[in-house]
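Undergrad: First, the structure itself, so that you have it in front of you.
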Amino acid sequence: MTKTFRTLDDVDVKGKRVLLRVDLNVPMENGRVTDLTRLERVAPTITEISDKGGKVILLAHFGRPRGRDPRESLKPVAAALAEVIKRPIGFAADCIGDVAKQAVAAMKDREILCLENTRFHQEEEKNDPAFVAELAKLGDIWVNDAFSAAHRAHASTEGLGHKLPAYAGRTMQAELDALGKALEAPTKPVIAIIGGAKVSTKIDLLENLVRKVDALVIGGGMANTFLHAQGVPIGKSLAEKDLAATALRIIEKADAANCAIILPVDAVVAFHFAAHSPSHAYGLDAIPPDGMILDVGPQSIERIRAAIDDAATLVWNGPLGAFEMPPFDRGTVVAARHAAERTRAGKLISVAGGGDTVAALNQAGVAGDFTYVSTAGGAFLEWMEGKPLPGVEVLKIT
Ligand code: AMP
């Protein structure tokens with residue numbers, strides 16, 4: 001595929017002050033990082049720039065502070081990152097001003113410095129030009145390695161790209177390559193599996209996908225809305241009945257674009273919304289009026305497996321059932337394991353993303369077998385919606 005954005009292959013970082021935007025927005029409990037995934041993801045870019053003789057200046061946001069708030073300092077995160085990369089990381093208590101300038105001026109080549117939470121300044125989210133200019137003073141080039149923040153046009157995620165020479169870091173590069181292979185220039189046929197609770201949060205995504213994929217599997221709570229729209233009685237299942245017309249419009253658009261819509265043909269129904277509550281599989285003509293659909297049924301699972309077999313590329317977002325409550329994780333787990341098996345056999349390119357999706361694939365024990373799993377939530381969804389991501393657009397070669 002032709003490369004459309006600049007990467008670390010296009011710049012000599014030796015001796016340069018590299019402002020590196022990373023995602024350090026990790027889960028913390030009692031001052032300790034509870035999941036190192038994001039830190040592990042940014043490690044290769046940091047060590048590569050350092051090994052090549054660059055000065056690595058880390059920029060990141062953390063949480064949603066209103067002004068300066070010690071509870072949302074990046075200091076403990078920088079310490080955890082230092083442990084992950086097994087190198088010392090300095091810390092400056094502000095990302096602009098004298099504190100930051102002096103810390104950067106004291107850096108030697110190869111050293112790594114983390115600047116304090118960019119969101120301690122409200123100008124960050126406003127992409128304020130004066131704030132961007134202050135940040136830009138600290139670096140010679142800007143490298144963006146935070147795909148997960150690329151749907152935001154903030155000072156450190158987008159603004160800097162207009163002030164300094166801009167490059168994608170290795171994690172960003174891997175993400176863009178994987179996503180490009182999944183939807184922009186995919187090996188056909190392409191199948192998308194979309195699940196999750198609601199249609200309302202994924203209308204744009206569904207409308208974009210029906211134009212791009214050959215088959216679209218719809219599962220989870222959102223499938224109930226589609227079934228209801230088609231006149232299937234769904235009992236007490238979660239559904240957005242007021243979106244029936246939207247569901248029908250999506251089906252029409254899919255027809256017009258030659259995209260096969262694969263809806264459940266049977267369902268696992270329980271009478272209590274709780275793990276291990278007694279349940280049975282029912283055909284769509286027999287859903288009990290006081291029951292709740294909590295997973296796709298066995299025949300539906302077979303259809304989904306067959307659809308995966310027919311595909312060369314798979315894009316997945318959202319669980320097929322209430323996967324947090326066993327046994328209603330079965331549809332998601334069986335489909336995920338099947339996709340993983342086809343991927344291992346070299347028959348499928350599989351890309352998945354979005355918060356709950358990563359958790360569901362981890363639960364099925366197969367996240368490592370997919371071709372690519374994006375840990376980005378909002379940015380992954382906006383990419384699936386076909387929207388340009390500001391933090392990516394600014395890296396493009398024009
Ligand atoms: P989302 O964040 O939109 O991807 O939705 C994920 C949530 O949808 C998970 O918490 C699932 O438990 C929930 N979900 C999936 N299928 C169902 C269903 N049939 N009934 C109720 N909740 C569901």
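Keep in mind that glycine also has a Cβ here, set from the backbone N, Cα and C atoms.
Below are the features I grabbed from TrEMBL:
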BINDING   D23, L24, N25, R38, H61, F62, G63, R64, R119, R152  substrate binding site
BINDING   R38, R119, R152  (2R)-3-phosphoglycerate binding site
BINDING   K202, E324, G354, G355, D356, T357  ATP binding site
Undergrad: Name, in the order they occur in the sequence, the residues of the same chain whose CB lies under 8 A from the CB of G354 (ATP binding site) and which sit 6 or more residues away.
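TA: In sequence order, G196, N317, G318, S374, G377, F380, L381 meet the Cβ cut-off.
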Undergrad: Applying a 10 Å Cβ distance cut-off over all chains shown, what neighbour count does D23 (substrate binding site) have?
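TA: By my count, 24.
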Undergrad: Per the record, ATP is bound by K202, E324, G354, G355, D356, T357: how many Å separate the farthest pair of Cα atoms?
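TA: Largest Cα to Cα distance for the ATP-binding set is 20 Å.
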Undergrad: Given that the record lists D23, L24, N25, R38, H61, F62, G63, R64, R119, R152 as binding substrate, what is the largest C-alpha to C-alpha distance among them, in Å?
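TA: Of all Cα pairs among the recorded substrate binders, the widest measures 19 Å.
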Undergrad: If you count CB neighbours within 10 Å, which one among the binding-site residues G63, G355 has the smallest count?
TA: G63
Undergrad: Measure from each Cβ of the binding-site residues N25, R152, E324, T357 to the atoms of ligand 1 and list the residues where some distance is under 6 Å.
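TA: Correct list: E324.
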Undergrad: Among R38, R119, R152, recorded (2R)-3-phosphoglycerate binders, what is the largest CA to CA distance in Å?
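TA: Across R38, R119, R152, the widest Cα separation comes out at 19 Å.
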